[in-house]
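Chemist: Take a look at this one; I'll ask things after.
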Amino acid sequence: MYLLLSHLIIYLLLLTMVTGEILRPRFYSETCPEAESIVRNEMKKALIREARSVASVMRLQFHDCFVNGCDGSVLLDDTPNMLGEKLSLSNINSLRSFEVVDDIKEALEKTCPSTVSCADIVIMASRDAVALTGGPDWEVKLGRKDSLTASQKDSDDIMPSPRANATFLIDLFERFDLSVRDMVALSGSHSIGKGRCFSIMFRLYNQSGSGKPDPALEPVYRKKLNTLCPLGGDENVTGDLDATPRVFDNQYFKDLVSGRGFLNSDQTLYTSRETRGYVKRFSEDQGEFFRAFEEGMVKLGDLQSGRPGEVRLNCRVVNTRHSDVLLGDS
């Protein structure tokens, strides 16, 4: 009996380590009942200051959750002993609006010190970015802990490039138990925001090493992009990801159908037989897209590594006591 009980305890401990924190809606209802309203108010302020910023914050959920789960590791600054994720290939000169998360954290700390994790802030703020720009609103599950470390290599090994095709994206999402439908719907996050010329130069001038533009580009749209992103020009100039970059809607999918996808990884969703049906369906039915997007974001938010964590006081650095431990181990 004692042996059986011991095995049961070990099994439960292992289960907890693998599955991570137990997430649930209204996690802060007693410890910080104003948490979600504080996050939304700060996101409203960010939207007024710079419309693009909320799209940038939403994108943080993708870049955080795919790399060792939704643990706020993408927010950590580099240290002498740690190369974090901010300078990884998919993030450098691309991820932005970290200051919005800082503002949210500061507001929360004033009301509920040492209570709300940065990982949960990213999840709430991503939902609010969508809701505040005309998209769906949904209940988020909370209760995550913040990572004690971050890894540039882990990010480089996982995150896709703008050149990725549909087959690569399908395989990537399947690794995280996300379906083809989830992948196409979540790609609709590009309904708001902007992308850099750097990400499309090969499409405009040397697709697949051909020395020619991507034949999938609609000619008038291609000329517009040629003007925006000329050879030898500033590759940090930005262009709209769809025709309504400040409104979360299904215009993104309509643009893909007409050959006006900004990124190769976007347009490939329509040129690929495996994903074209979902693109057409979402382009014709915004309600279905919204439902699929909600479901995908919840599933994405469930990803966890099971690693130990904390509630950071500053989203960019681990708390001092853990920092000291990490330095001592190096």
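Just so it is clear, glycine is given a Cβ too, placed from its N, Cα and C backbone atoms.
A TrEMBL annotation is a machine prediction, not a hand-curated record.
According to TrEMBL, the active site, proton acceptor annotation covers His63. Annotation source TrEMBL lists Ca(2+) 1 binding site at Asp64, Val67, Gly69, Asp71, Ser73, Glu85. Annotation source TrEMBL lists substrate binding site at Pro160. Taken from TrEMBL, the feature heme b binding site applies to His190. Sequence annotations record features per position, and here TrEMBL assigns Ca(2+) 2 binding site to Asp242, Thr244, Asp249. Per TrEMBL, the feature disulfide bond maps to Cys32-Cys112, Cys65-Cys70, Cys118-Cys315, Cys197-Cys229. Here TrEMBL flags 22-319 as domain 'Plant heme peroxidase family profile'. Here TrEMBL flags 1-20 as signal peptide. Per TrEMBL, the feature site 'Transition state stabilizer' maps to Arg59.
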Chemist: Limited to the domain 'Plant heme peroxidase family profile' (22-319), I'd like the whole-number average of pLDDT.
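Modeler: Value for the domain 'Plant heme peroxidase family profile' (22-319), mean pLDDT as a whole number: 96.
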Chemist: State the Cα to Cα distance, in Å, between Gly69 (Ca(2+) 1 binding site) and the residue listed as 'active site, proton acceptor', rounded to an integer.
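Modeler: For Gly69 (Ca(2+) 1 binding site) versus the residue listed as 'active site, proton acceptor', the Cα atoms are 10 Å apart.
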Chemist: Out of Ser73, Thr244, which has the highest number of nearby Cβ atoms, where nearby means within 10 Å of its Cβ, if these are the binding-site residues?
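Modeler: Neighbour-count leader: Ser73.
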Chemist: Please report the number of other Cβ atoms within 10 Å of the Cβ of Cys32 (disulfide bond).
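Modeler: Its Cβ has 16 other Cβ atoms within 10 Å.
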Chemist: Which of the recorded positions Cys112, Pro160, Cys197, Asp242, Cys315 has its Cα nearest to the Cα of Val67 (Ca(2+) 1 binding site)?
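Modeler: With Cα distances computed to Val67 (Ca(2+) 1 binding site), the winner among Cys112, Pro160, Cys197, Asp242, Cys315 is Pro160.
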Chemist: In sequence order, which residues at least six apart in the same chain have a CB under 8 Å from the CB of Cys70 (disulfide bond)?
Modeler: Gln61, Asp64, Ala119, Val122, Ile123, Arg144, Leu300, Gly301, Asp302, Leu303, Gln304
Chemist: Which ones, of the binding-site residues Pro160, His190, Asp242, Thr244, Asp249, have a Cα no more than 10 Å from the Cα of Cys65 (disulfide bond)?
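Modeler: Cα within 10 Å of Cys65 (disulfide bond): none.
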